[in-house]
Amino acid sequence: MPNPGLLVLFGSQTGTAQDVSERLGREARRRRLDCRVQALDSYPVVNLINEPLVIFVCATTGQGDPPDNMKSFWKFLFRKNLPLTSLCQMDFAVLGLGDSSYAKFNFVAKKLHRRLLQLGGSALLPVCLGDDQHELGPDAAVDPWLHELWEKVLRLYPILPGLDVIPPGVPLPSTFTLRFLQEAPTACSEEQHAATTDPANTPSELQPFLAPMVTNQRVTGPSHFQDVRLIEFDITGSRLSFSAGSVVLIQPENTDSHVRRFCEVLGLDPDQYFTLQAREPGVSCPVQLPQPCMLRHLVARYLDIASVPRRSFFELLACLSPHELEREKLQEFSSAQGQEDLHEYCNRPRRTILEVLCDFPHTAAAIPPDYLLDLIPRIRPRAFSIASSLLVHPSRLQILVAVVQYQTRLREPRRGLCSSWLASLDPGKGLVRVPLWVRPGGLTFPKTPDTPVIMVGPGTGVAPFRAAVQERVAQSMTGLPCASPGNILFFGCRWRDQDFYWEAEWRGLEERGCLVLITAFSREQEQKVYVQHRLRESGPLVWELLDRQGAFFYLAGNSGAGWGPQIRRIQSLQPRAPLPIYLQLRHSGT
C-alpha cells in the first residue's frame, strides 16, 4: 500500500515548536513520507477525522495555557458534543515542549494526549515531555522519542520497494526560490509593507501599528550596572485597546553593522532586489516580506541572524558545505553524539548565527540564497508588559525595558536584540516609529477595585502592577479614598536611589490610602534582603487577605530567582476557597 500523508501540527509561541515541527517534516520526507507542516489554527480542524497519521508538537505557555496559534483548535477540540469515536481512524503522537520550573510543566501536551485518546485516537507512543531546563534543552527528551517514533511509523507504513531513506548529507530542495531582478523596481512599498499608521482594523502581527516613540528615558541611576528605560509610545488613532495585564508585542530589527557583516560573509549585495516564489503548491510566501523585496530588508527585518542557532541550522549547513573540514565539524554538531560539544560551542556562550557563519567562512560563502529562509528563522516579536493604564494615560502606551547585556567567554558582550534596538532609538533627533500590537497577557485582575490584590514585582517585574494600580485607582469612586489594604505591592530592587522605579508615584498613592507598599532593598545592609523575606515577614497580613477577604495573588519577575519553593508553600495552604494565583516569570536574557 502507498504510504499515507503525515500531518505535523504545531502550537508555538516562541518558535521552538515550529522548529521541531519543521525538523519532523524534513525527517519524514527523507523517509519518503508526504508531509504537511502547519500551525494548528491554520488547519481546518474538522478535517482531522480524515487524517490517518498526525504528530502534534505543542508548547505550554503562561500558567498551562496553549500558544496563541493553537487557541481556536484547543477550544474546538474540547467541545463536549464531539463524538467519542471522532478520531478512531487516526494514529497520533504528541510532542510537548515546556519548562519544568513551572508548576504546570507541559500541561498542554499532557491534556491534548488524553483528549485525543478520549476521541478514539490511537497513540503510537507516550507523550514526549521536552524540558527547556535540561542542560541540553528539549533535545535530551526529543531525540530518543523521535528515534522510537520513526521505528513505529516505518513498521506501520514501510518504505515502498525500490526506494531508500534519503541520507542526512543530501540537502532537500529549498522551500522557496529567490529570483533576483536586474533593475530596482520603480516603486517599492517596503517602508509601509505590513505595517500602518492608519489601521482600518485592530493592529495585529500581520499588520502592526507604526507607533511614534514619544520618550525614551533611562530610569536607573548613572552608577547602576543596568540600563533600564521607560519608553512611551503615542497610539492615537491606532484602534489599540488594552487593560491591566495586557502585553505589547514589538517587532525589532537587526543592527546595520550586523546586516553589513552578514552580507559580506555570504557575498550578497544588500541593495539587490528579488521576488520570492514557493517551490510547492499550497506553500505561502511570508506575508511580512514585500514583493519585490530588497536583500537589506530581508536581512534587517526578517532573518534572525542575532539568535542562537538551533541544531537544525547545523544539519542544513552541513548539507550545504563544500569544505571538507568545516562539513565534518558541522556534521558532528548536528549529530546526537555531538550535542554536548554543540552546547559548549553554541548555547553556553550564546554564540549567534552570524558568529557561527563567520567561524565557517567557506561554508557561508557557498550558501545558495534560495536556502536563506530554510536556514535562518524569522525575527520573532518580543513581548513586554504594558506599564500604564489608558484610564490615566489616554492615547499612550508605556513599557519598562531592561536593556539586556551580559558577558560570556566570547569577546563581544551578548545583547538583547529588541531591548538594545529600542534603547538606540532617539525620538529627540526626529520621528521614530516602532511596529507594535497588543494582546491579553497571563495576568487577569479582578473587575471590582474593592477586591484585594497582592502583587509581588521585584525589579522590572513591577511593570504590569503599575498598570493595575493605576487602573484600579481610576476605577474607584472619585473623591473617596481607595479601599485599604486593597492594593498591596511588594517591590524589591538593589538600591533605593538607583533602581526604585516610580518611587514618587508609589509614595503619592500611599499618602492617599490607595496602596500598601512593602519594599526590599537588597544591597543597603550587610545581610541581603529580598521580597521573599518581606513576604514571609508579612505572612499574617497575606494570609488574612487570601483566606478572609478573597484576595488575588500575583507574581511577576525572573524565573531564575528561586520562586518555586515560595509558590509551592502558598499553594499548600488550606484557605476557605481556592486561591487565584497568577504567575508571570521570564527567563534571563530574553
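For all residues, glycine too, the Cβ spot is worked out from N, Cα and C.
It should be emphasised that the depicted structure is a prediction, and the values quoted were computed from it without experimental measurement.
Within 10 Å of the C-beta of D99 (FMN binding site) we count 20 further C-beta atoms, all protein chains included. Residues or ranges marked as FMN binding site in TrEMBL: 12-17, 59-62, 97-106, D132.
Summarising the annotation, TrEMBL assigns FAD binding site to R350, R382, A383, F384, S385, G416, L417, C418, S419. Annotation for S419 (FAD binding site): same-chain Cβ neighbours under 8 Å, separated by at least 6 residues, are R382, V401, A402, V403, V404.
According to TrEMBL, the NADP(+) binding site annotation covers T460, S522, R523, K528, V529, Y530, V531, Q532. Note on K528 (NADP(+) binding site): other Cβ atoms within 10 Å of its Cβ, all shown chains, come to 12.
Here the domain 'Flavodoxin-like' (6-150) has a mean pLDDT of 90 out of 100. Marked as domain 'Flavodoxin-like' by TrEMBL: 6-150.
According to TrEMBL, the feature domain 'FAD-binding FR-type' maps to 206-447.
Cβ neighbour count within 10 Å across all protein chains ranks T460 highest among the binding-site residues T460, S522. In this structure the C-alpha atoms belonging to V529 (NADP(+) binding site) and A383 (FAD binding site) are separated by 29 Å. Residue counts for the domain 'Flavodoxin-like' (6-150) under DSSP, helix first, then strand, then coil, are 58 helix, 34 strand, 53 coil.
In terms of local Cβ density within 10 Å, R350 ranks first among the binding-site residues R350, R523. Across the structure, G15 (FMN binding site) and Q532 (NADP(+) binding site) place their CA atoms 33 angstrom apart.
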